[in-house]
Amino acid sequence: MNQFLFVSFCALLGLSQVSAATLSSGRIVGGFQIDIAEVPHQVSLQRSGRHFCGGSIISPRWVLTAAHCTTNTDPAAYTIRAGSTDRTNGGIIVKVKSVIPHPQYNGDTYNYDFSLLELDESIGFSRSIEAIALPEASETVADGAMCTVSGWGDTKNVFEMNTLLRAVNVPSYNQAECAAALVNVVPVTEQMICAGYAAGGKDSCQGDSGGPLVSGDKLVGVVSWGKGCALPNLPGVYARVSTVRQWIREVSEV
């Protein structure tokens, strides 16, 4: 990626971001094609029928994505596609009833890059549609723990969307080292978690923003931002879900 925002799912993909000043949005780089049944919590967030961000099902009525994906808070602007490996067809399309960005979200620094989407109707769960568990506030991700990120974003750092879902496995990155690597971009805060390889080569990229970063069986991050895609010594940055667990519970009762 050049520079991007993303939400991630620690084990499958990498990082993704949305264009803004020096940041860009992303797609999976160095990953592999994956079936939706392997990541049934993954959804495509769409505008006018076109994919632009990812998201994660956390209950039959709620999806968690990145706040930078929902700067327009009019729910009529969005739908989600769930249950399909193909972002252009299959699965189900569900309207969004309300868009609730985190009240402390900062669009300049991407701090608290979370947004809850209340769906217009409850969705039924199946092999290809399922909620993912959330970490509690006290839970942490150890340095080097493998995570999976998934999405339909750019695979070649050229902002060209994938039609079929992809994922990448990346290790969590030491927080202090991540902050030092990105010190000239934006501050890496406690509300963020980093993942990637020092050598680069695997990451999320344009179009993956808002998607899941999964460690074990829990959603530990949301693809938020990064400096380029899959570049050496520049890990991807995700919004750390455990830090807003109470807010998610208060808003969604999940």
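We count from 1, first residue shown onward.
Using the three backbone atoms N, Cα and C, a Cβ is placed for every residue, glycine included.
Quick look at what Swiss-Prot lists:
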- His68: active site, charge relay system (ACT_SITE)
- Asp113: active site, charge relay system (ACT_SITE)
- Ser209: active site, charge relay system (ACT_SITE)
- Cys53-Cys69: disulfide bond (DISULFID)
- Cys178-Cys194: disulfide bond (DISULFID)
- Cys205-Cys229: disulfide bond (DISULFID)
- 28-253: domain 'Peptidase S1' (DOMAIN)
- 1-20: signal peptide (SIGNAL)
- Asp203: site 'Required for specificity' (SITE)
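Structure with Swiss-Prot features highlighted.
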residue : record                           : CB count, 10 Å
Cys53   : disulfide bond                   : 33
His68   : active site, charge relay system : 31
Cys69   : disulfide bond                   : 31
Asp113  : active site, charge relay system : 34
Cys178  : disulfide bond                   : 22
Cys194  : disulfide bond                   : 29
Ser209  : active site, charge relay system : 38
Cys229  : disulfide bond                   : 38
Predicted model, mean pLDDT over the domain 'Peptidase S1' (28-253):
92
Cys229 (disulfide bond) and Cys69 (disulfide bond), distance between Cα atoms, whole Å:
18
Which of the three DSSP-derived classes (helix, strand, coil) applies to Cys53 (disulfide bond)?
strand
So, in DSSP terms, is Cys229 (disulfide bond) helix, strand, or coil?
coil
Conformational class of Cys194 (disulfide bond) under the three-state DSSP mapping:
strand
Just the number: how many Å between the Cα atoms of His68 (active site, charge relay system) and Cys229 (disulfide bond)?
18
By the DSSP assignment reduced to helix, strand and coil, which category contains Cys178 (disulfide bond)?
helix
